[in-house]
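To start, the structure under review is shown below, and the notes come after it.
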Amino acid sequence: MELNRRDFMKANAAAAAALAAGITLPVKNVYANDNSIKWDKAPCRFCGTGCSVLVGTQNGRMVASQGDPDAEVNRGLNCIKGYFLPKIIYGKDRLTSPMLRMKDGKYDKNGEFTPVSWDQAFTIMAEKFKKAIKEQGPNGVGMFTSGQSTIFEGVAKSKLFKAGLRSNNIDPNARHCMASAAVAFMRTFGMDEPMGCYDDIEKADAFVLWGSNMAEMHPILWSRISDRRLSKQDAKVAVLSTFEHRSFELADLPIVFKPQGDLAIMNYIANYLIQNNAIDQDFIQKHTKFKRGETDIGYGLRDNHPLEQAAKNAKTAGKMHDSSFEEFKQLVSEYTLDKAHELSGVPKDQLESLAKMYADPNLNIVSFWTMGFNQHVRGVWANHLIYNIHLLTGKISKPGCGPFSLTGQPSACGTAREVGTFIHRLPADLVVTNPEHVKTAEKLWKLPNGVIQTKVGLHAVAQDRALKDGKLNAYWVMCNNNMQCGPNINQERMPGWRDERNFIVVSDPYPTVSALSADLILPTAMWVEKEGAYGNAERRTQFWFQQVKAPGEAKSDLWQLVEFSKYFTTDEMWPAEVLAANPEYKGKTLFDVLYRNGQVDKFQVPADKAGYINDEADHFGFYLQKGLFEEYAEFGRGHGHDLASFETYHKARGLRWPVVDGKETLWRYREGYDPYVQAGEGVSFYGNKDKRAVILAVPYEPPAEAPDAEYDLWLSTGRVLEHWHSGSMTRRVPELHRSFPNNLVWMHPTDAQKRGLRHGDKVKVISRRGEMISHLDTRGRNKVPEGLIYTTFFDAGQLANKLTLDATDPISKETDFKKCAVKVVKA
């Protein structure tokens, strides 16, 4: 076999990734040149980077994968998880039939899981949903969904709940990872999602990572940063975190700060910029406006919690007051070098070096962040503060310069945010609380006025509380494992799931912790077992075709949503006055009015594509995915969210919106790059009516919980390279499981010695909410400072979220998984 340069580079990259994880990589995943294998493209199933892979199928099975050499994102490379993608769908315990808890031939909350037909499953499910709506109103039902759902599934579920069932109680697990970023985008720019793109990496002179371990969580992007750092003279990398991780290995400026200290650091930088005349006055005057945020806003805990009782402005947490540059200058002036050092624990010379990087007018700089910023009781503020720095310097919306929020899931942007599967959102940045936005949605969905409620539903943590309190009685969990991944399992989630008043449905391909805690399990098709679309962190929309069939009776989430709609009629779900005013809708099923409405069902599948598979089209009789997409795309066309045609995406390796006249947009808000910026404007933040971005003055405030005499350590949670989220897919890949089989607790050697502990010891981690048994690591990849431990949540045998606190950012309602107090003893 002849090996060309591209193959050589791919093989070496694959081998390097495997070596980092301690894995032997199958040769077929590197070269995959078997001519009997059929290849087609698909975006990776894992993180928000949006790598494209080539999927190899043979005899109806996925047998190989390789990085897509024609993809701009990853350029033929995959991370170690990507190289083992074929194995995620072939776990020995795949679910192949609906499973209902039964006893003596009928449903019983305490019964054993028993196989049932889809009709039996949907019949009992519809009965429970109708009962909950009759007793509680539309708010008695809810859905917790996902940033891993396809765009088509997102549209279908949003329509089913918000229009069909008239419940805005639908929220994605992106609430736990991207809500703070999304809210801050909207508050600052009037539009969601980053203004830049991955091309910034090759054009930047410096990179600053805030609470982001890109080396393990976004490894392909990290490989591009590494290449830039090593190939460009004087390129710099700064990494900020509460502990040292693998990204520190490349850092020129490695900074470890005290939990919550990032707020003080960023306010110090803003102060430094002003005091040293390193701000762009012209840019500020033309393109920004100043606001002051509400303070003392609480921590998103239950209303009767002492911290909420003491907070002065918990009810108005999101309020912003008109302000001025002088008032902003006065607030940040308090954040001197001494104060920033005191609050953050960072050496003064490091703080000054970081500030000078942002102050250098000749330095193109990109700020990246992920969960360290977002999973934060002041996550919205943290996002605002980094925008402040880029807006003050004018280092934004141009090649190699800008703030860049990275996503953790493959379609947290494309589905959760762009489609709008949050409790308050509709497609293309529309919101349910705006009556005009609601009218637009009803018109585009061909629905009568008055169907969609204008009140925000229950967010993720509030759903847990409502289930526990008996106010939410029918609940559908789709494409996530929230029993394992959500906070405060013991006190706030498990009680509601096992409450006799409630009926819990979980759609999943595997018997996860969530599935086994449910009353009804629906077996789900995975990834290329269905046709789909994702939207990644750089606004890139990517499509793929179905390539294999799901096993047994497993069905896609899209099929489940649309088929379930047949079990309800408008007479049962919609107000009598709406039907009286619109008699043509009376007596129809929700399937008729939502999906067979004359526009979703008007397309047929391509007749000229050999070997084409589409299980949904075969079942429903029309090209469901195309119909849903074209209906959805109308929301954004002409409004700065333009998408290309359906067929275009199947041909391309993704396009970055807005796509106008067939051309994608790399940098938004900048003349010459963004078609919505008019000639002569230079920069236009057109999401806001006045076309100005907000610079927000907010202070440092402490976390919800901190170590004390009894619980004397900080706990931070996160992930490792080898596993993704709850491990329900990656732990079923033998090679990945062997490389990192179980969760660990990383502790500083001095802290271990003080407690009479040693590396490898079995330990018990205890918080005010629960406890977890694990093993101690004082030598591994993560180097934690004294006073803090780090652990992960991929291990179903060690439920780390029994420890975490359900405190949230009061504005975004996103959970802080990075800061709570624990103690550690020998087990």
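The backbone N, Cα and C atoms fix where each Cβ goes, and this holds for glycine too.
The [4Fe-4S] cluster binding site annotation in Swiss-Prot covers Cys44, Cys47, Cys51, Cys79, and the record cites sequence analysis as its basis. Here Cys51 ([4Fe-4S] cluster binding site) comes close to Pro43, Cys44, Gly67, Asp68, Ala71, Val73, Asn74, Leu77, Asn78, Cys79, Gly82, Ile220: these same-chain residues lie at least six apart in sequence, with C-beta atoms under 8 angstroms from its C-beta. Secondary structure from DSSP puts Cys51 ([4Fe-4S] cluster binding site) in coil.
Per Swiss-Prot, Mo-bis(molybdopterin guanine dinucleotide) binding site is recorded for Lys81, Gln148, Asn173, Cys177, 210-217, 241-245, Met371, Gln375, Asn481, 507-508, Lys530, Asp557, 717-726, Asn801, Lys818, and the stated evidence type is sequence analysis. Look at Ser507 (Mo-bis(molybdopterin guanine dinucleotide) binding site): DSSP puts it in a strand.
Long-range neighbours of Phe793 (substrate binding site) (same chain, six or more residues apart, CB within less than 8 Å of its CB): Gln484, Cys485, Thr717, Gly718, Arg719, His725, Ser726, Asn743, Leu799, Ala800, Asn801. Here Swiss-Prot flags Phe793 as substrate binding site, drawing on sequence analysis.
The helix, strand and coil residue counts that DSSP assigns across the domain '4Fe-4S Mo/W bis-MGD-type' (37-93) are 9 helix, 20 strand, 28 coil. Under the heading domain '4Fe-4S Mo/W bis-MGD-type', Swiss-Prot lists 37-93.
Residues annotated as signal peptide in Swiss-Prot: 1-32.
Compute the center of the Cβ atoms of Cys44, Cys47, Cys51, Cys79, which mark the site for [4Fe-4S] cluster; besides them, the chain residues with Cβ within 8 Å of that center are Phe46, Thr49, Gly50, Asn74, Asn78, Lys81, Gly82, Pro219, Ile220. DSSP assigns Glu244 (Mo-bis(molybdopterin guanine dinucleotide) binding site) to a strand in the three-state reduction. Mapped onto three states, the DSSP output places Glu216 (Mo-bis(molybdopterin guanine dinucleotide) binding site) in helix.
Neighbour density for Cys47 ([4Fe-4S] cluster binding site): within 10 A of its CB lie 27 other CB atoms from the protein chains shown.
Around the Cβ of His723 (Mo-bis(molybdopterin guanine dinucleotide) binding site), 25 further Cβ atoms fall within 10 Å across all displayed protein chains.
According to its DSSP assignment, Gly718 (Mo-bis(molybdopterin guanine dinucleotide) binding site) is in a strand.
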